[in-house]
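J.: In case it's useful when we look at the structure, here is the feature table from Swiss-Prot:
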COMPBIAS  18-32  compositional bias 'Low complexity'
COMPBIAS  33-48  compositional bias 'Basic and acidic residues'
CARBOHYD  Asn191  N-linked glycosylation site
CARBOHYD  Asn205  N-linked glycosylation site
CARBOHYD  Asn514  N-linked glycosylation site
REGION    1-48  region 'Disordered'
TOPO_DOM  1-51  topological domain 'Cytoplasmic'
TRANSMEM  52-72  transmembrane segment
TRANSMEM  85-105  transmembrane segment
TRANSMEM  138-158  transmembrane segment
TRANSMEM  234-254  transmembrane segment
TRANSMEM  264-284  transmembrane segment
TRANSMEM  313-333  transmembrane segment
TRANSMEM  347-367  transmembrane segment
TRANSMEM  407-427  transmembrane segment
TRANSMEM  454-474  transmembrane segment
TRANSMEM  480-500  transmembrane segment
TRANSMEM  522-542  transmembrane segment
TRANSMEM  559-579  transmembrane segment
Amino acid sequence: MELKTMPHNGANGSPQHNNNNNSNNNNNVSSDTKTDNNEKEAQKKDEGRTNWSNGIEFLMSCISVSVGLGNVWRFPFTAYENGGGAFLIPYIIVLFLIGKPMYYLEMIIGQFTSQGTVKIWSICPSFVGVGYGQAFATICIITYYSSLLALTLYYLFVSFQSELPWSYCRDEWTNCVNSIPTEFVETALGNTTSALAQQANTLSNTTKLQSSSELYFLNVVIKEKSDISDGIGIPDWKLTIALFVSWVVIFLVIMRGVKSSGKAAYFLALFPYVVLFALLGRAVTLEGAVDGIIFFLQPQWGELLNPIVWKEAVVQCFFSLAVGCGPIIMFASYNRFDHGIYRDAMIVTTLDTLTSLLGGITIFAILGNLAHNLKAENIRDVVRSGTGLAFISYPDAISKFQAVPQLFSVLFFFMLFVLGIGSIVALQSTIVTIICDQFKSWKYWKVALATSACGFLMGLVYVTPGGQWILTLVDFYGGTYVVFILAIFELSGIVWIYGLQNFCDDIEFMSNKNVSMYWRLCWSFFTPVMMIVIFIYSMATIQPIKYSDQYFPLAGDVAGWLLFAVGAAQFPLWGWWYIATHRHGSCAESIKASLKPSSKWGPASPENRQAWLLFKSDLAAKRANEAKSNKFGFFQQKLRNMCGK
């Protein structure tokens, strides 16, 4: 939607008359000399906050974190589990009514305050638990994302072998079908194709066939356990080394902060598309690929009434855009105050969706070919859903490249590693920033080192034979639902408690543009109501989670709910803590005061802050005069505000 230019602001986003009332504005900031000095000292620190070298670096950084594993890894298997093409319709609807509004809101709040995901809650201090709860969910996501990096690195290393190890069957895999093309098998392995084909035909009548890429992943790489009732096993030493190397890379990138990440973002954001388009070009030429693409794109209208599909669409949108976790707020906080983020928000959200569709079409083209090779009647039968999909179907496609598949495999898994690094660096930077904001004397690189070491230790649980079970559990309880409920509190705290009009006034001051009706309606009604309805219904109809069509043991479900409780409890616990430590008369008065912006709320720069206070004061006086001059002025003003006029 268009944003209309406001005539009363300067080009830099500050009012043109901001220099006439400096002494009055200083008195408005604080009436206490000591408090005023403390705020000035804090403002000096914030004024010296590092900015991006240019706007393109910020845009590329947002692309690198939003266009990542969520698109190439999570979106295909989420669509796979929710009816293929049926998932696209709710996903696109959710994108426009929830994803884009939330993404734009987080960009705005970060740039306006120049603060991280916890410090922004000076807007509504008793909601500070939202920031800490999101940090908890971010830690959960980081731990299992890093295990995916370990798997990616493992595949990258073995891709240097003379023959891709997942492209052929082992003798002990009696239900195996080679992932490598038949004609290439004849060339590389001799005249054994007819015997293998005869064996496959015989087995297909009695046993479910599995591709060699799937069996390699399950039996060789993760050594998956079919049941975790007796424990998850011990970490695999090869994956442990890969996990350690991954965290070393993460630390080396993160220890320098955002100063150098903007330069790396060009490569992190653009390189993956080269490999993705090449893989797509190969995938669509495979036999059966059209059937897979049709399955992906053909909508099943009945699924639109399934609230679980809508819930998964919201969760996928959040994971894909990195909404509700903090990186977008953190990145935007390093922008100049007058940076035009509207364009960036639209570019990133649109590109993110197109990348998800690109990844989905590619993976389903491969699944269609797998179904053709395994003589499966239904594409859903060719491979199990779950986190292993990207490590089964993508390698299967790579093995079909007859011209130097090893080279393409190296490029692909390096691309996947780059995508993962881009995502985790942003998430990890969010955690390090939160800690450094609370303990300003701590060295950034030391905090980065400590958090990286903790991330490695926590990631060890995912490289055990039962690691994929734990990943599913943590993703569901520690990531999905915690992010979901805290995003509802985030939006309600900003739009309903602080107030839609107050928030839109702040946007107008910062951007020198009016906020259109689309954003106002989404923020005030459509986005929060949809999220609340979907969350309540999904919780009321929640079913015990499964992995590989098997239910978790009771202990697993209990652990999962405890994980969710810890994340969700951050909101009320920190709210109670703030109210208890900031008493203002009675309990009711203290609660009411905790819902009002603190003296720290507003732009970090002293000049922008003074201009903002004057801007808000002028608007309040103008609206009061309009309400007095017209009997229905109050209601007319409310209507104009909602319409963005």
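For all residues, glycine too, the Cβ spot is worked out from N, Cα and C.
Give me the local environment of each listed feature.
T.: For Asn514 (N-linked glycosylation site), the count of additional Cβ atoms within 10 Å of its Cβ stands at 16 [all protein chains shown].
Long-range contacts of the transmembrane segment (234-254) within the same chain: residues 146-147, 149-151, 153-154, 157, 221-223, 261, 264, 417, 420-421, 424-425, 428-429, 432, 448-449, 452-453, 455-456, 459-461, 463-465, each at least 6 residues beyond the stretch ends and with a Cβ under 8 Å from a Cβ of the stretch.
Sequence-distant contacts of the transmembrane segment (264-284) (same chain, six or more residues past either end, CB-CB distance under 8 Å): 57, 60-61, 63-64, 67, 72, 253, 290, 293, 355, 358-359, 361-362, 365-366, 369, 394, 397-398, 400-401, 408, 411-412, 415, 418-419, 421-422.
Note on the transmembrane segment (313-333): residues 49, 58, 61-62, 65-66, 70-71, 74-75, 78, 82, 87, 90-91, 93-95, 98-99, 102-103, 106-111, 113-117, 120, 131, 134-135, 137-138, 141, 258, 341, 348-349, 352, 356, 423, 426-427, 429-430, 433-434, 479-480, 483-484, 486-487, 490, 530-531, 534 of its chain, located 6 or more positions outside it, place their CB under 8 angstroms from a CB of the stretch.
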J.: Let me spell it out: take the transmembrane segment (480-500), skip the flanking residues so only those 6+ beyond its ends count, and list any with a Cβ under 8 Å from a Cβ in it.
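T.: Distal contacts: 102, 105, 109, 121, 123-124, 127, 130, 133-134, 136-137, 140, 311, 314-315, 318-319, 323-325, 520, 523-524, 527-528, 531-532, 535, 539, 564, 567-568, 570-571, 595, 597, 641.
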J.: Given the transmembrane segment (347-367), which of the listed stretches 52-72, 407-427, 454-474 has the most Cβ pairs that are under 8 Å apart from it?
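T.: Out of the listed stretches, 52-72 contacts the transmembrane segment (347-367) most.
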J.: Going through 85-105, 138-158, 407-427, 454-474 one by one, which has the most CB pairs that fall under 8 Å from the transmembrane segment (52-72)?
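T.: Out of the listed stretches, 407-427 contacts the transmembrane segment (52-72) most.
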J.: With pairs restricted to those 6 or more apart in sequence, evaluate whether the transmembrane segment (454-474) and the transmembrane segment (85-105) have 3+ C-beta pairs under 8 Å.
T.: no
J.: Pairs of Cβ atoms less than 8 Å apart decide it: which stretch in 85-105, 138-158, 522-542 has the most with the transmembrane segment (407-427)?
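T.: Between the stretches 85-105, 138-158, 522-542, 138-158 has the largest tally.
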J.: Which sequence positions outside the transmembrane segment (138-158), separated from its termini by at least 6 residues, show Cβ-Cβ distances below 8 Å to it?
T.: 69, 73, 164-165, 221-222, 238-240, 242-243, 245-247, 250, 319, 325-326, 387, 391, 395, 409-410, 413-414, 416-417, 420-421, 423-424, 427-428, 430-431, 455-456, 458-459, 461-463, 467, 470-471, 474-475, 478-479, 482, 563, 567
J.: For the topological domain 'Cytoplasmic' (1-51), what is the mean per-residue pLDDT, to the nearest integer?
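T.: Within the topological domain 'Cytoplasmic' (1-51), the model's average pLDDT equals 44.
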